[in-house]
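One structure is given below, represented as structure tokens, and several questions about it will come after.
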Amino acid sequence: MDNFLAARSQMALSLGFHIIFSCIGMVMPFFMAVAHYYYLKTDKIVYKNVTKAWSKGVAIFFATGAVSGTVLSFELGLLWPKFMEHAGPIFGMPFSLEGTAFFIEAIALGFFLYGWDRFNKWFHWFTGVIVGVSGLASGILVVAANAWMNSPAGFDFVDGQYINVDPIKAMFNKAWFSQSLHMSLAAFAATGFAVAGVHALMIIRRQNVYFHTKSFTIAAVFGCVAAVLQPLSGDISAKDVAKRQPAKLAAMEAHFFTEKSAGLVIGGIPDPKNKKVDYGIKIPGLLSFMAHGDFSSEVTGLDKFPEKNQPPVPVTHYAFQIMVGLGMAMMAVSFLYFFALWKKKTWLQSDWLLKLFVAATPLGFLAVEAGWTVTEVGRQPWIIYNVMRTADAVTPMPGIGYSFYMFTLMYFSLAAIVIFMLYRQIKMVPKLYDLPEGAQK
Amino acid sequence: MLYVVIIYLWTSILLYLLLGGADFGAGIIELFTSKANKIQTRKTLYEAIGPIWEANHMWLIIAIVILFVGFPVIYSTMSVYLHIPLTIMLLGIIARGTAFTFRHYDAVKDDMQDLYNPIFAYSSFVTPFFLGIIAGSAVSGHIDLKADNFLDAYIFSWLHWFSVSVGLFTVAICGFLAAVFLIGETDNEHDRLRFIRKAKAFNIAAVICGSLVFVSSLIEDIPLIDWVFGNIVGIIAITAATLSLAVLWYLMYKGKANILRILAGFQVTMILLTTTYRHYPNIVILKNGGYLSLIEHSGHEKTIEALAMALLIGSIFILPALFYLIYSFQKKKVDYATD
Ligand code: HDD
Ligand code: HEM
Ligand code: HEM
């Protein structure tokens, strides 16, 4: 396997794996905090059971997220030493703060998981909230680092030298806000739908309905609120990308030629050789509106960039279509759910709505992976946009292919074990948690 | 500000060696425990490290972040030339961390445990072994920036007697730290004696591996003897370590658990101090006699300042919480015992 391709694949694999665990690690503590709060307020044992059942799952995900994150912090250097040599001191600020956030998260998690009946109950609850808040903070910080790669700031690049470095400015680069907002919402949407889907399935099977209904409601409300906000934040992101990375926007939209009143292409198969899109639906003027808020404005096409600076169009375009499509689907499900909550309580008991949620279980995570593909592949051929090429950053060590195979094997076995363990966890719910109200202490 | 950063770097490495090391050591002990005692060992181990095990491994992340933010050239050079041992160490970290969690959180306790347990024990051995190899290689002068073939550049940079001996020495130290730590965690005399025997065995192993390190340094022309004995700090530190060792053996049967722990921790601190003091600030020594220095190869001034501030502010949040975590669980255990 070609060294460069292997390094890119290994990076993509590791990040794609880590993001799932980190989303869950960021969001589940909030779900638990809500369940825990209801328990402390109402004294209903079911809420305690929900909290405990979730916290077991989270411990598994947290450990996997922590080790895969540790791997990433070495991998950046193992695979992209030239990048880290120059970028490390510039975009390192969020990472140093993130270290603090992780530490607090790990400490708070120790208190939370092992603290049942040991501390004042509100202190114990509060440690759970801290786990969530610091997890979210670390997510925002890493995304700010990634945003710097898309929108480099805080230094001057003169004659191949990086001078006048200002790590604070680098952290608050132009992309950090739109990306962090979109990512945080994505984490809530993806985790909310995934958790709600699993519990919906158990309700349909009529197993431990009481327990699973409570769990379902908490997860679904979080997920649906985020899913409704997600397209709004996506619109902010798109306008942002149009300004700072026009080549990425053009690739996302398979927009080959610069034009006024540009049309939005939905679906279709981009043909980069002949610079056209086959079978797509084109809505006139909409791309101009999405990118600049004005139906007649000009949208830069790929023709403005030399061939060697153009990102791969098909992958970026497909990934973008997938993300937006899934986002719309999730938004539709969310509106239905809110409508049911508001007007049609009977729908909440009906299997078809639950089945819809079961079908939507993986959608959020698929959208997350697709979204990252847009961001990362759309930045190519640059590792630091307009400053350093990815190909110039790769490690000189040959044989990265073997390392890629090894990590692939490792991650796939881990994923298999985690799924297997989760399955067992759910199977054990009746034994552990479904005693009738009052039968437990 | 640079010195603040360097102190944090050194301290994180030390704490990782002590806390993470005791953690690895627990797995190593499990590897060298007879079948009959394994279950009991596992239980003691879990109760001892459960609540803080995640925090123990954060020190590695802190160290690595300090390195790539503050000393990027050192980070990237090590990443290139020590790629292979770093990768193996990472695989070890993944295997160990997940196996530890899986075996505890698997809702059904069945044959799957037979998969998790050996993975945990073996990776507990492999990970510190390669950590030692990496540390040994950094100062051994085998990293050759001019190497023009794969073997010289990427294999012999780390595969030689000195670094392998340092790897073994690290493993022995981890086992020793864990055994001393666990002496105070047992609830019966039988186990207490068992861990005392383990502590002695690992201590002897550490002395043997330590001698190997010296012998191999002579063979490979690494001025280790000079680093250790060629200066007053080194001599004092190594003497203090030896004295505390004697005290530790003396107190092993009667001493308070916490005094034993402090003594063991003190020894390891002294060993790290001696081996780093003399060639400070050079933390990577290259083949051609060149070196990478914490002072000359540090990042931009503003970066170092920001990093130092981040570390200082971070400590204000972290340290009290961490101490409270350790304190609460220590204290609660006493409560349980007297219940
Ligand atoms: C639940 C997941 C999810 C959903 C439903 C959506 N997105 Fe998204 N999107 C992400 C998850 C995501 C992400 C994985 O979180 C990304 C990758 C990088 C980032 O900051 O967020 C992302 C990136 C991303 C980018 C690139 C940002 C950049 O490169 O800086 C744009 C323009 C959009 N999204 C736009 C949208 C629009 C218009 C959506 C309309 C429905 C949408 N996203 C739904
Ligand atoms: C958008 C991408 C990322 C997000 C949102 C994210 C978020 C998170 C979160 C929330 C955690 C906490 C672990 C958990 O709760 O499961 C975590 C762990 C970790 N991440 Fe990431 N991360 C991302 C990418 C990265 C990258 C690129 C690196 C390395 C450079 C990294 C390094 C780490 C480390 C070292 C940990 C372990 C810390 C611990 O033990 O809690 N992450 N990540
Ligand atoms: C967790 C969510 C993320 C995912 C799923 C992701 C995905 C990817 C993918 C698919 C690639 C390969 C692109 C290609 O070569 O065509 C890539 C490359 C890369 N990503 Fe990300 N990424 C994520 C977040 C981050 C973050 C937070 C950082 C750093 C702070 C980062 C740093 C890099 C680097 C250094 C490369 C290699 C160079 C390059 O291809 O440009 N990524 N990532």
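Positions of Cβ are set from backbone N, Cα and C atoms, glycine also.
Pasting the feature list from TrEMBL:
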- A:12-38: transmembrane segment (TRANSMEM)
- A:58-80: transmembrane segment (TRANSMEM)
- A:100-116: transmembrane segment (TRANSMEM)
- A:123-149: transmembrane segment (TRANSMEM)
- A:181-204: transmembrane segment (TRANSMEM)
- A:216-233: transmembrane segment (TRANSMEM)
- A:318-340: transmembrane segment (TRANSMEM)
- A:352-372: transmembrane segment (TRANSMEM)
- A:402-423: transmembrane segment (TRANSMEM)
Look over the recorded stretches A:12-38, A:123-149, A:181-204, A:402-423 and say which has the most C-beta pairs under 8 A to the transmembrane segment (A:100-116).
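Between the stretches A:12-38, A:123-149, A:181-204, A:402-423, A:123-149 has the largest tally.
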Any contact between the transmembrane segment (A:352-372) and the transmembrane segment (A:12-38)? By contact I mean 3+ C-beta pairs closer than 8 Å, pairs at least 6 apart along the chain.
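In contact, yes.
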If we skip the immediate neighbours and take only residues 6+ beyond the ends of the transmembrane segment (A:58-80), which ones have a Cβ under 8 Å from one of its Cβ atoms?
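Distant Cβ neighbours of the transmembrane segment (A:58-80) are 7, 10-11, 14-15, 17-18, 21-22, 24-25, 28-29, 32, 95, 102, 106, 109, 113, 383, 390, 393-395, 400, 411, 414, 418, 421-422, 425.
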Under an 8 Å Cβ to Cβ limit, what residues of the same chain, 6 or more beyond the ends of the transmembrane segment (A:216-233), are close to it?
27, 30-31, 34-35, 50, 178, 181-182, 185-186, 188-193, 195-196, 199-200, 203, 324, 327-328, 330-331, 333-335, 337-338, 354, 357, 364
